[in-house]
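Chemist: So TrEMBL lists the following for this protein:
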| type | residues | note |
| --- | --- | --- |
| REGION | 1-25 | region 'Disordered' |
| BINDING | 21, 22, 23, 24, 25, 57, 193, 211 | L-glutamate binding site |
| DOMAIN | 21-274 | domain 'Glutamyl/glutaminyl-tRNA synthetase class Ib catalytic' |
| MOTIF | 24-34 | motif ''HIGH' region' |
| BINDING | 111, 113, 132, 136 | Zn(2+) binding site |
| MOTIF | 249-253 | motif ''KMSKS' region' |
| BINDING | 252 | ATP binding site |
Ligand code: GLU
């Protein structure tokens, strides 16, 4: 493919120093698991001399006021970031332009499958786990016309030419994972997460992606897509999640898990930071206080299990 068009919507970032980022979806308040990942992303970036950028992934599931509250909570626990917060909703033309470029290069196809059809096909014997089985890859013009005439919405998928791709991860080492024909534009015309994340990371000069390890299996397809678009692949650190007492991923229904909840119980933002830092083996009340002692090699590799109902509220740290 041709070299990528320069992305003019963002200030030109010089390649040095690189940048890390935190990219929440503003679907509600951040909980202790989200805040802990944000702290880790900040520590990874700042301890390596990188800029730290914030991006609101607001293409989907937006709750009014959530983005502002998320930023206020991140600030309250002591995190800072560089430059303006980027919002994906302001970048729609860039996502569409990238899809147009991939389409012009023959790297996409229309997919008319419903979620149900994909689920059924994916559970067929020999289908790769969770991957799109490629049903619409080779539609005939007649089949395509039939779907269009029936008013079926078309998603745009990547025509992937590899089945696997390898990434480098600070905590997981070399990780090889499946690449399938990911959705680039959803049937409702909204750019898909896997496309937006790749374009934004490249446009923002991000060379270090720190996020929850639930996204580890998405990294190979994102790295492949970045390569296809001519972008450098960032270095990854997929960090362990926070689990509830039952061993499931922490959620708001698990109790007093947001900063607002903790404050209502008498905790300060400093105390919440200290709790998160303590779970990472770092004692201190502010990000700046623990930065010098941060060492990725000494990070806990297991999830942090937390029962928010058993946290002692307002307990002073030593
Ligand atoms: N917006 C995603 C989330 O909140 C994170 C995506 C990423 O860090 O790549 O789960």
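Don't overthink the numbers, they just go from 1 along the chain as shown.
Note that Cβ sites are derived from N, Cα and C of the backbone, with glycine treated the same way.
Tell me about the surroundings of these features in the structure.
Modeler: In the three-state DSSP scheme, residue 57 (L-glutamate binding site) falls into the coil class. Sequence-distant neighbours of residue 57 (L-glutamate binding site) (same chain, 6+ apart, CB under 8 A from its CB) are 23, 24, 25, 26, 88, 193, 196, 197.
As a whole-number mean, the pLDDT of the motif ''HIGH' region' (24-34) in this prediction is 97.
On its own chain, residue 113 (Zn(2+) binding site) has 121, 132, 135, 136, 155 as residues at least 6 apart in sequence with a Cβ closer than 8 Å to its own Cβ. DSSP assigns residue 113 (Zn(2+) binding site) to coil in the three-state reduction, outside any helix or strand.
Same-chain neighbours of the motif ''KMSKS' region' (249-253): 28-29, 31-33, 214, 241-243, 306, 308, counting only residues six or more beyond its ends whose CB sits under 8 Å from a CB of the stretch.
Within 10 Å of the C-beta atom of residue 252 (ATP binding site) sit 13 other C-beta atoms, taking all shown protein chains into account. In the three-state DSSP classification, residue 252 (ATP binding site) falls within a helix.
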Chemist: Using the Cβ center of 21, 22, 23, 24, 25, 57, 193, 211 as the L-glutamate site position, which other residues in that chain lie within 8 Å, going by their Cβ?
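Modeler: Output for this site, in sequence order: 55, 56, 197.
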Chemist: In Å, how large is the greatest distance between any two Cα atoms among 21, 22, 23, 24, 25, 57, 193, 211, the listed binders of L-glutamate?
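Modeler: Per the listed residues, the maximum Cα distance equals 16 Å.
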Chemist: Quick one: of the binding-site residues 21, 22, 111, which has its CA closest to the CA of residue 252 (ATP binding site)?
Modeler: 22
Chemist: Counting across all protein chains shown, how many other Cβ atoms sit within 10 Å of the Cβ of residue 23 (L-glutamate binding site)?
Modeler: 23
Chemist: Do you know the DSSP helix, strand and coil residue counts for the motif ''HIGH' region' (24-34)?
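Modeler: The counts are 3 helix, 1 strand, 7 coil.
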Chemist: Name them in sequence order: residues not among 111, 113, 132, 136 whose Cβ is within 8 Å of the mean position of the Cβ atoms defining the Zn(2+) site.
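Modeler: Here the non-site neighbours turn out to be 112, 117, 118, 133, 134, 135, 137, 155, 157, 181.
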